[in-house]
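Heads up, here are the entries from Swiss-Prot:
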ACT_SITE  HIS66  active site
ACT_SITE  GLU84  active site, proton acceptor
ACT_SITE  HIS118  active site, proton donor
DISULFID  CYS28-CYS36  disulfide bond
DISULFID  CYS32-CYS129  disulfide bond
SIGNAL    1-26  signal peptide
Amino acid sequence: MLYNKLITIAALLVPALAAPQGLDVRDCDYTCGSHCYSASAVSDAQSAGYQLYSAGQSVGRSRYPHQYRNYEGFNFPVSGNYYEWPILSSGSTYNGGSPGADRVVFNDNDELAGLITHTGASGNGFVACSGW
């Protein structure tokens, strides 16, 4: 009788264990080095940077957002004056301190130009993140 109960319990548990759990799955629309960013995270970072830009304000020692001069010659899908703003792998909004390696680039019309990173670049240069 105990054996029958164990079989019944095991039969009920197996499908429950095999069922997908509520894993924290992140959309990976862009990849900068080993960091993965969703489109909404990029949009949030861009919005934070553009709000400061349009208000004539900046934060941090490097005064972000600041103009990005595109010395690397990226072929961005939008034109205009470009500005760079840190996007943090923690998901937090940059508010000063270390900016990390990854940047959102937008123009003066608040259009996303792309994502770039210092990771894998020589010197203080940038390379393109994948996904744009």
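Cβ coordinates come from backbone N, Cα and C, glycine included.
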Measure from the CA atom of the residue listed as 'active site, proton donor' to the CA atom of CYS32 (disulfide bond) and give the result in Å, rounded to a whole number.
9
If you measure from the Cα of HIS118 (active site, proton donor), which of the recorded positions CYS28, CYS36, HIS66, GLU84, CYS129 is the nearest?
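Nearest candidate: CYS129.
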Taking Cα atoms as reference points, rank the recorded positions CYS36, HIS66, GLU84 by distance from CYS129 (disulfide bond) and give the first.
CYS36
What's the CA to CA span in angstrom from HIS66 (active site) over to CYS28 (disulfide bond)?
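Distance between the two Cα atoms comes out at 26 Å.
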Measure from the CA atom of the residue listed as 'active site, proton acceptor' to the CA atom of CYS28 (disulfide bond) and give the result in Å, rounded to a whole number.
21
Determine the most Cβ-crowded residue among the active-site residues HIS66, HIS118, using a 10 Å radius around each Cβ and all protein chains in the structure.
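Its Cβ has the most other Cβ atoms within 10 Å: HIS118.
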Express the distance between the Cα positions of the residue listed as 'active site, proton acceptor' and CYS36 (disulfide bond) as a whole number of Å.
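Just about 18 Å between their Cα atoms.
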